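Here's the structure we're looking at; comments come further down.
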Amino acid sequence: MGIPVGKSMLVLLISLAFALCCIAAYRPSETLCGGELVDTLQFVCSDRGFYFSRPSSRANRRSRGIVEECCFRSCDLALLETYCATPAKSERDVSTSQAVLPDDFPRYPVGKFFKFDTWRQSAGRLRRGLPALLRARRGRMLAKELEAFREAKRHRPLIVLPPKDPAHGGASSEMSSNHQ
């Protein structure tokens, strides 16, 4: 005859929920905040430098800064590159100006967060698109706890013996020998 309306609606809702989960898995979103955002911007923009707000030519009346876009919303490599500064001089001009600097000129990192490994990790995550659960610190902790729980469950003994109670366990054999 036909499938009842209630069952068909249930199947439709389940398949819709499954489809939404699959779509969310294929669209990874990366959020970067604080030092990790600065490190990633320094890595992506390298010697060009970067802005925390977009240049005035692209800005509208209510433009969001990179912190609002990357820390509170999803952030990808293309968005980060829009905040890179354009080089002021051509490559030829830069090479001649560097020759003027003395050799003992101090070349310190500009910025508090100068960790190349952190740059590579953040930019690598942006390129790879790891699941959001593994990217978040809280998610990594939950994953470790889950793995520890599974490991403990795997090594659980088959039979748990009760602890010996002196009133019942050890004393009963002595008392029975005294009564005989």
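Glycine too: its Cβ is placed from the backbone N, Cα and C atoms.
For Cys84, the disulfide partner named by Swiss-Prot among Cys22, Cys33, Cys45, Cys70 is Cys45. Matching Swiss-Prot disulfide entries to the candidates Cys33, Cys70 identifies the partner of Cys75 as Cys70.
Swiss-Prot records a disulfide bond between Cys71 and Cys33, which is the match among Cys22, Cys33. In Swiss-Prot, the feature region 'D' is placed on 86-91, out of the ranges 86-91, 92-97, 104-109. Within 10 Å of the Cβ of Arg48 (site 'Important for interaction with integrin') there are 12 other Cβ atoms, across all protein chains.
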